[in-house]
Amino acid sequence: MAQVEFELSNSLSSSESGTSLETADRIEIKFKDLTYTVSTGLGFKQEPKDVLKNLCGRFPSNQLIAIMGPSGAGKSSLLDVLSGYRSNGVTGQILTNGHSRNINAFRRVSCYIQQDDRLQPLLTVRESMDSAADFKLGHRVSKEERSKIIENVMSLLGLDESQNTRSSQLSGGQKKRLSIALELINNPRVMFLDEPTTGLDSQSCSQCIKLLKMISQQGRTIICTIHQPSATLFQMFDQVYLLSGGQCLYQGATDQLVNYLSSVNLPCPKYHNPADFVIELASGEYGVDNINAMVEQAQNGKSTQWFDKSYIMYPSTDSINNSEYIDRTPPIQPAGRAAIPRASQVKRDSTLTHLRIIVNIFVALMLGVLFQNSGEYASSVLINYNLLFSILIHHVMTSMMLNILTFPMEMSILIKEHFNRWYSLKAYYVSVNLLDIPVAGFCCLLFTTIVYPLTGQPMELTRFTMFNCTSLLVVFIAQSVGYMVGAVFNVVNGTFVGPVLVVPMMMFSGFGVSINDIPKYMRWGSELSYLRYGLEGYVAAIYGLDRKTLQCDELYCHYKEPKKFLQTVSQPSDNFWSSSVTLVFILIVMKLIAYFFLSWRIKVMR
Ligand SMILES: Nc1ncnc2c1ncn2[C@@H]1O[C@H](COP(=O)(O)OP(=O)(O)OP(=O)(O)O)[C@@H](O)[C@H]1O
């Protein structure tokens, strides 16, 4: 800890001497009559609830501002609304430098660091910084400059020593500093932090607040929610915004708070931490009347009477051109860049990749032993048909469940990085899909290479390729179903919903009840079943292409002629291409639906 303190003070002095992190564009945030309404209750009994009630306020630049209040006062909601993270149910006006806020421009120059540190657990500090720099700075900044910025930020935040440590192995304080460092790379002018000190010990808390104070003095507006700071910590803030029940009880300089309390006849007792006292007041421990009196005195945030006088002396910020900050940050990064950190994650997450390979080898060997040579003889055609269906189910379940189980965990990082404009959703979606192709392709090929000869399927390259291509298409479709379910449901619900969605696909696959035997009014089901086309693809690969008469090792073999079997399963011999084209079509539709669900979920979660 002493080491970190030393590094931090070193960084502080380096920042005092002037680093590239200083910013000339200052942004003051002002809000008027801000109301945030949510729906509470279930079903038809939903009722609107005003979480923020006609709030006003002014957050000057160059200041470290604390939003304080008891639990449920609306601190996080105010931060969500001001950062633009939530916009549904919000009315009122938010101004930047005196002009109506342009949310897209504002998001380019601001960042939101949420309470939980959403870091890529398998990347080291340096790798996380590199990928954040790649996203945020793009190609407009040279490699040398980028490296200088990264080193600057890391030394400023005391992270040089731990640059080769994986994020998952960092301490709570280091994780918080890394979260801040990642966002500092593109030099945001406004930073919102939700409870940055939660979970930190007192020393890390004070380091974190010192750091925020230092970066605010470089020309930034730093707004954070904080629960119950110690007296020392409290004194480090320049300004306090006190909330209770969605209303403002005080807004002004930290060192004016005690005077303000005396002015409303609620003097802070001697030797009492003012931060503790105002929280007690805001919680209603001294009566609701006092809360109302404070709201009235503070004019629900309109009054600037208790602001630091030096701030009031500032030139009118209304004269600062709002468009000044619009064009300085690079545009959101295109597709491909989002692949960088994920590629490293996939490489690092070798356990999962190894597990996928092992499962495929294991299941292929099991099926190979169980259905040994079933593809060779006419007497075992139906057994072989069972094998083909089992292979189909193996590919569907393993691919789909993998995404259902892993995707919801990625959602929180995706939401943070997407909101802070690291990359577009399209870029993310394209990269996750592309990056899985090599691993999925390898697992599929490995599985086919083992199961195909062991079960005595015809050893012809064309049939083998057809078989493997069908498997690949089914795997990719199942993955998309996994993304769809993973985007909408959490792990527990998704684990139930995923397999349930496979059941109708199985019912209409033509296995058990052949397509011709399905009642006409239910045929639409078979048209939609990707398992049907997968099964048809397999059957066409093994028994199509005018396969010669099969060996019969018994007195009578009903399916000696492969054509007879194709008739039984209601399939023409040249069905491979139409099945494959339909599978490709279903794949494209599924990918689009999964993307639609993902973007819908991201909107809903905000
Ligand atoms: N989407 C929502 N639906 C229903 N109620 C909500 C929603 N968002 C916020 N609330 C309610 O609004 C109130 C304020 O919530 P908020 O999270 O902003 O409080 P807070 O001051 O940050 O509390 P804490 O310090 O405990 O995090 C709470 O009563 C909460 O239940």
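A Cβ is built for glycine as well, from the same backbone N, Cα and C atoms used for every other residue.
Predicted automatically and left uncurated, TrEMBL annotations should be read as such.
Here is what TrEMBL records for this protein:
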DOMAIN    29-270  domain 'ABC transporter'
TRANSMEM  357-375  transmembrane segment
TRANSMEM  387-407  transmembrane segment
TRANSMEM  428-452  transmembrane segment
TRANSMEM  464-489  transmembrane segment
TRANSMEM  496-515  transmembrane segment
TRANSMEM  576-598  transmembrane segment
Which range wins on Cβ pairs under 8 Å with the transmembrane segment (428-452): 357-375, 387-407, 576-598?
357-375
Restricting to CB pairs under 8 Å, which listed stretch, 357-375, 464-489, 576-598, is in contact most with the transmembrane segment (387-407)?
464-489
Have the transmembrane segment (496-515) and the transmembrane segment (464-489) got at least three CB pairs under 8 Å, pairs 6 or more apart in sequence?
yes
The transmembrane segment (357-375): which same-chain residues, six or more beyond its ends, come within Cβ distance under 8 Å?
383-384, 386-387, 390-391, 394, 398, 442-444, 446-448, 450-451, 454-458, 542
Should anything in the same chain at least six residues away from the transmembrane segment (464-489) have a Cβ under 8 Å from its Cβ atoms, list it; otherwise answer none.
391-392, 395-397, 399-408, 411, 432, 436, 440-441, 443-445, 447-448, 452, 457, 497-498, 501-502, 530-531, 534, 537-538, 540-542, 576, 579-580, 583-584, 586-587, 590-591, 593-594, 597-598, 600-601
Is the transmembrane segment (576-598) packed against any residues at least 6 beyond its ends, judged by a Cβ distance under 8 Å, and which are they?
425-426, 429, 433, 466, 469-470, 473-474, 476-477, 480-481, 483-484, 487-488, 530, 533-534, 536-537, 540-541, 544-545
I'm checking region-level scores; what's the whole-number mean pLDDT for the domain 'ABC transporter' (29-270)?
86
